[in-house]
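Swiss-Prot annotations:
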type	residues	note
TOPO_DOM	1-5	topological domain 'Periplasmic'
TRANSMEM	6-26	transmembrane segment
TOPO_DOM	27-30	topological domain 'Cytoplasmic'
TRANSMEM	31-51	transmembrane segment
TOPO_DOM	52-60	topological domain 'Periplasmic'
TRANSMEM	61-81	transmembrane segment
TRANSMEM	85-105	transmembrane segment
Amino acid sequence: MLKTTLLFFVTALCEIIGCFLPWLWIKRGASVWWLLPAVASLALFVWLLTLHPAASGRVYAAYGGVYVCTALLWLRVVDGVRLTVYDWCGALIALCGMLIIVVGWGRT
């Protein structure tokens, strides 16, 4: 379970970085060269999703819970925005959904 969650976390970071770098280029006028590591990060994201031993749809559904929490962590650390009680509640609900799916995929 911990290995799966850690893999989901690293996968989410790759996806977020792969989307954040083009955002910097478009919104903040960063160098177009930031698109190269963005592409590499998104390619790594896709590859990491293939490392899970469950059906792809189930992996994507479970991954979503960790993605939500990782995005909120990004919001706090990178964007400097304080999380609200709604953010925390949403993260808890998303993680509960992920947990139910991951525990269940070992039993089917």
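Here, residue 1 is simply the first one shown, and the rest follow in order.
For all residues, glycine too, the Cβ spot is worked out from N, Cα and C.
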Long-range neighbours of the topological domain 'Cytoplasmic' (27-30), counting only residues six or more past its ends (CB under 8 A): 21
Outside the transmembrane segment (6-26), six or more residues from its ends: residues with CB under 8 Å to it: 32, 34-35, 37-42, 44-45, 48-49, 51-52, 62-63, 65-67, 70-71, 74, 78, 98
Residue counts (helix, strand, coil, in that order) that DSSP gives for the topological domain 'Periplasmic' (52-60): 5 helix, 0 strand, 4 coil
Cβ-Cβ under 8 Å with the transmembrane segment (31-51): same-chain residues at least 6 beyond its ends: 7, 10-11, 14-15, 17-22, 24-25, 59-60, 63
Close approaches to the topological domain 'Periplasmic' (1-5) from elsewhere in its chain (Cβ under 8 angstroms; 6 or more beyond its ends): 52, 62, 66, 98, 102-103
